[in-house]
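Novice: Before I ask anything, here is the structure I am working with.
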Amino acid sequence: MQYQNDLILRAARGEAVERTPVWLMRQAGRILPEYRAVREKLSGFIELCTTPALAAEVTIQPVDILGVDAAIIFSDILVIPEAMGLPYEMQESKGPFFPKVITSAADIDALLATDAADHLTYVYDAIELAVKELNGRVPLIGFAGAPFTILAYMIEGQGSKTFSKARRFLYTEPVLAHRLLEKITLATIAYLKRQVQAGAAMYQIFDSWAGVLPPDQYREFSLRYIKQICEAVPQVPRTVFSKGAFFVREDFNNFPCETVGLDWNMDIGESKKIIGPHKTLQGNMDPCALYLSEEQIRVKAKEMLDAFGTQSHIANLGHGLYPDTDKTKVKCFVDAVKEFGVKK
């Protein structure tokens, strides 16, 4: 497809760009009154995810309202365990909750793997609708959760500060852990292939809980499976965002992805040296910096851009937008990137 604005694709591929592209994790969400107006008419988050026309509508909202350089499909990383046979609920103000969790080999054997992707047609339909409506204005980003992050929820049953149950499972049941991770990986590969077929022009793998593991475990139980996914779905630019995994930045030097996401705790200059010049970096302003005044946000955005340089960088935050962030502050950040990110 030909895009009117393909900055993000060129930046991901390491090609020259006239300015730094920008998008935001959780850009389609509660920060937008327009999103809340759609959401309040429904039973909840999951109904919005599973209604293609509405998911497509809120996917496009940030492009129109904030002026970002890409849309990202409105969905959730936990649609994968749901499709595999482990349903979840999204509890208001508490987050995801799994009434049943994985505790045994029999539980794992009962899960679908590759065939799970067949149960996610609502996501592909939403992508197709959004791509059609965008009509080449900007690319659409697909995404999935990293297998370890998905396992963490399937074992723990909900969010956690420590994910001690999931981590204990890796120590005490490593064979079962790998069996579960292999199934999640197969499901994710099939899922991302279908997203690309539906029109996703690039994709991101979110390893939200990477930072809870020590380096050796992270390489064994997470990074190897992310690599398997990236190698299996190479048709479009690939971004890997391993939050908190500062200890494996060197591993990304020769990793099968085009872009590496940095969280706000990762020093930009140090990361550029460790990861190397042949990878595009994404990030990494602290989401809390958007609580500053607009003048201060502009200063912070310029500092970030100066540190990254105008090439091989996709501007973003170091994690998702917080729900109570002022929309005008978010727009200020996007506009600042567009102003200060111009190649000189």
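A Cβ is built for glycine as well, from the same backbone N, Cα and C atoms used for every other residue.
Heads up, here are the entries from Swiss-Prot:
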type    : residues                                                         : note
BINDING : ARG26, GLN27, ALA28, GLY29, ARG30, ASP76, TYR153, SER208, HIS319 : substrate binding site
SITE    : ASP76                                                            : site 'Transition state stabilizer'
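Let's see these features in context: how buried, what's close, how far.
Specialist: Using a 10 Å radius centred on the Cβ of TYR153 (substrate binding site) and all shown protein chains, the other Cβ atoms total 28.
Contacts of ASP76 (site 'Transition state stabilizer') defined by a Cβ separation under 8 A and a same-chain sequence distance of 6+ are given as PHE45, ILE46, CYS49, MET90, PRO96, in order along the sequence.
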Novice: I need the least crowded one of these binding-site residues (ARG26, ARG30, HIS319), counting other C-beta atoms within 10 angstroms of each C-beta.
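Specialist: Taking ARG26, ARG30, HIS319 as the binding-site residues, the minimal 10 Å Cβ count falls on ARG30.
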Novice: For ARG30 (substrate binding site), name the DSSP secondary structure in the helix/strand/coil scheme.
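Specialist: Once the DSSP labels are grouped into three classes, ARG30 (substrate binding site) ends up as coil.
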